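Worksheet: the structure to be examined is printed underneath.
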Amino acid sequence: MPVEILMPALSPTMEEGTLSKWLKNEGDKVSSGDVIAEIETDKATMEVEAVDEGTIGKLLIAAGTEGVKVNTPIAVLLQDGEAASDIDSMKTEAPKAETPKPAAAEAPAASAAPVAAQPKADVPSDPAIPAGTEMATMTVREALRDAMAEEMRANEDVFVMGEEVAEYQGAYKVTQGLLQEFGARRVVDTPITEHGFAGVGVGAAMTGLRPIVEFMTFNFAMQAIDQIINSAAKTLYMSGGQMGAPIVFRGPSGAAARVAAQHSQCYAAWYSHIPGLKVVMPYTAADAKGLLKAAIRDPNPVIFLENEILYGQSFEVPKLDDFVLPIGKARIHRTGKDATLVSFGIGMTYAIKAAAELEAQGIDVEIIDLRTIRPMDLPTVIESVKKTGRLVTVEEGYPQSSVGTEIATRVMQQAFDYLDAPILTIAGKDVPMPYAANLEKLALPNVAEVVDAVKAVCYK
């Protein structure tokens with residue numbers, strides 16, 4: 001679906017400004033972070049950046065226009081495979097709902113009694129997609145939005161809150177259209193106070209609601225880590241099973257494009273250390289939708305990690321009435337016999353490209369997409385290792401105490417006799433993420449490293 005680029009605010013009190021000039025034209029291709037325009041007030045000038053990669057489909061506001069209201073659509077960004085004609089269909093594809101009446105931006109009223117702790121989520125085993133199922137091509141962004149919308153329609157206790165989720169429709173447009181359908185009572189804009197609104201979410205969960213707390217980036221969640229770990233994760237244990245916290249903390253994690261050290265950290269390993277949390281990091285749009293629906297229904301707190309670069313990537317998603325995937329079950333993305341590659345999230349892009357290169361060299365690689373970091377589906381990994389005898393892990397996070405080293409440790413403990421070579425782990429470099437593009441590239445894993453690692457364990 002085409003993405004609207006909105007007029008941003010230079011300050012919390014700004015209501016309108018001047019779109020002084022466009023730096024991109026209709027038809028130009030842009031990447032996330034590219035400067036596309038300049039806006040100004042009588043006090044300051046600011047650059048407007050593209051929220052995702054794509055093509056400028058239409059400029060809605062002419063350069064030099066004064067008095068442009070904040071959050072007014074100023075341009076439309078087309079995703080891969082979309083054409084200018086798709087812009088005209090945006091209105092017909094928008095959620096069919098009445099415009100919400102003005103309401104105070106507050107969470108739904110909570111039930112008086114604490115929610116009873118539930119040890120298991122009501123989610124089916126990993127469903128096989130029935131033969132002949134109609135598939136729809138959609139981006140990860142759209143799949144996440146649809147998952148939230150479906151669960152909000154099914155359960156009035158579900159609501160979403162966070163920075164820019166309502167009026168601005170999400171920093172990355174993941175919540176696009178939700179305010180129009182569900183209103184300000186269930187799509188709640190918050191101040192930039194992560195510790196505060198995370199605590200509000202945990203409290204709402206303790207009293208029976210099912211909050212979805214969006215962080216603009218999981219790097220900002222470090223401000224709220226006390227609420228996530230000490231309040232959400234430990235409540236079930238500390239209450240002796242009398243009270244739970246069914247809450248989802250979601251948002252982008254990991255490197256994007258030149259957002260430097262404080263905005264590029266992968267939190268998969270960080271949160272996987274914590275008893276009481278579930279940690280999910282999907283790669284495909286189908287997994288993003290099915291796992292987010294499961295996370296919203298889960299009686300436990302779930303860390304749902306996304307990736308800014310994957311938001312605009314398109315995948316096939318089954319058109320089923322209620323497509324839900326089980327948390328804690330890995331997926332075999334590709335079968336093979338010579339070596340096992342294990343990854344998750346954006347790390348899958350390296351694994352898939354490496355497998356294609358290795359196939360051309362006569363090496364048949366099996367790829368496992370973990371999908372869930374905690375609880376980890378180690379049996380699927382071990383069964384693959386029993387077949388291939390070789391294991392390489394791939395991720396973008398830091399190398400020390402990484403997801404890969406955890407997998408390596410447990411495979412060594414439980415399947416050592418099946419290994420024909422040492423386990424190798426590929427991860428980001430052990431440095432804060434540089435801002436310079438050339439250095440950022442060096443700090444991240446690459447396909448060549450994965451290819452070399454697989455060849456090494458295969459003694460090629």
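Using N, Cα and C of the backbone, Cβ positions are placed for all residues, glycine too.
Annotation note: Glu194 (thiamine diphosphate binding site) sits in a helical segment as assigned by DSSP. Around Glu194 (thiamine diphosphate binding site), the C-beta neighbours below 8 angstroms that are at least 6 residues distant in the chain are Phe215, Phe220, Ala221, Gln223, Ala224. Swiss-Prot lists Glu194 with the feature thiamine diphosphate binding site.
Residues annotated as compositional bias 'Low complexity' in Swiss-Prot: 100-121.
Per Swiss-Prot, the feature domain 'Lipoyl-binding' maps to 2-78; the stated evidence is sequence analysis. DSSP places the residues of the domain 'Lipoyl-binding' (2-78) in helix, strand and coil in these numbers: 0 helix, 41 strand, 36 coil.
Annotation comment: Swiss-Prot describes Lys43 as N6-lipoyllysine, evidence class sequence analysis.
According to Swiss-Prot, the feature region 'Disordered' maps to 91-131.
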Worksheet item: What mean pLDDT score does the domain 'Lipoyl-binding' (2-78) have in the model?
Response: 85
